[in-house]
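Chemist: Starting off with a structure, shown below.
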């Protein structure tokens, strides 16, 4: 009996492979960063061949590192940076353009056009998403409109579209399988989340041929097998979910009202709403959490575009820290931010503001403002943005959050997590395994092949590593938060022509 599950965690800045055992513990992990391409201001791309190369490289590397054989792997689960768009030639297998990354703002004018026509209401109702350059639909349109010969090839059925999950599965099966799961499909802005199919009216409006699109399957399902030439054996590819939905699953947030926040490049908060798609009146997204056991479950999501990336900015651009963990050390050297607020709206603001033209802002500077204050204010901005999202979620769902489960790289920052608990006024729980994105993909894959039998079995694997209790009084909490709201106002609409 195969003893392990392998997860591919293909992220925005690195490709990672992790091997898990039956108790959900990490046996071995390997990751490799790849190149970020910035052709123009606000444009972000990746090379899909480099993504495939790094992903397969770490997969082979981690098998060796774990000292196991490929036949010891019961299944592969895939989780991915969502919305990032690849269009490739189905005969040559070569991309016709770089992958357009979720952070890329180049399609903002297309989005403005849709809004001016009033088509955004229709998109909101059908897909649960707001019209934004973030999602795949307008990115596909851009490629078809701007790459020479692309539209003709697409009409002839020679081109395929996929998000990163689809691109990896297509390559793993050597072109045999062109598939995605419900969670990833729900991020394209082309998928009707109520009827569970590609929406013809939206496809027509964006002029995207349906034949380019992958088949949509449950998130826990045997999609196909890896080609023998890759690992020497055929391994079932049995789990697929977008990174945030996978993290919700990995955190065992199986009941309505359970929520998690992932602190990665961006911050993503999801609340399970069960079999009901809850529409949002506060600018959150209604999205598919996963499809499993013959049914689909939904979630409310608030996306914060810049979280960990703000700490990278302190390190790489401002050069006021040498590494990310140092941010905690410096933040603790001062009592507070001395009235400084940083609004890291480098690529606009996500939920609940959705302002594509907001830009990064530092306010409240005085002669006494030091490096430590700016570092601390940058960390605090992550917690404030999370509170913005949580308030919107509670309003939409009518559910008051009891505790927040956390994961992702920056959740290891104890200063930030304590401040998060303080500013929310609810307990925050960090699990022992913070690689919950990869863990969720593993669980989905393992359930499909009988490696695990039920969600209940998985739930028993979840254990708390550190519990944070709010230690701030309400008056101080509200005063600080009011200052944040004022700072956000200053950042909004900055780049409008």
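Just so it is clear, glycine is given a Cβ too, placed from its N, Cα and C backbone atoms.
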Chemist: Which of these, 38, 134, 221, 223, does Swiss-Prot list as part of the glycerol site with 82, 83, 243, 244?
Modeler: 134
Chemist: For the ATP site that Swiss-Prot assigns to 12, 13, 14, 265, 308, 312, which of 118, 157, 162, 409 is also named?
Modeler: 409
Chemist: Near the ATP site, what residues other than 12, 13, 14, 265, 308, 312, 409 in the same chain have a C-beta no further than 8 Å from the centroid of the listed C-beta atoms?
Modeler: 11, 264, 309
Chemist: For residue 265 (ADP binding site), what is the secondary structure by DSSP, using just helix, strand and coil?
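Modeler: Assignment for residue 265 (ADP binding site) reads coil.
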Chemist: If you measure every Cα to Cα distance among 12, 13, 14, 265, 308, 312, 409, the residues said to bind ATP, what is the biggest one in Å?
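Modeler: Max span of the ATP binding residues, Cα based, is 14 Å.
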Chemist: Which residues, in sequence order, are found in the same chain with Cβ within 8 Å of the centroid defined by the Cβ atoms of 82, 83, 134, 243, 244 at the glycerol site, excluding those residues themselves?
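Modeler: Counting only non-site residues, the set is 81, 84, 102, 187, 242, 268, 303.
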Chemist: How many angstrom lie between the most widely spaced Cα atoms of the glycerol binders 82, 83, 134, 243, 244?
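Modeler: Greatest Cα-Cα span of the listed binding residues: 15 Å.
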Chemist: Calculate the distance in Å between the alpha carbons (Cα) of residue 243 (sn-glycerol 3-phosphate binding site) and residue 308 (ADP binding site), and round it to a whole number.
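Modeler: The Cα atom of residue 243 (sn-glycerol 3-phosphate binding site) is 16 Å away from the Cα atom of residue 308 (ADP binding site).
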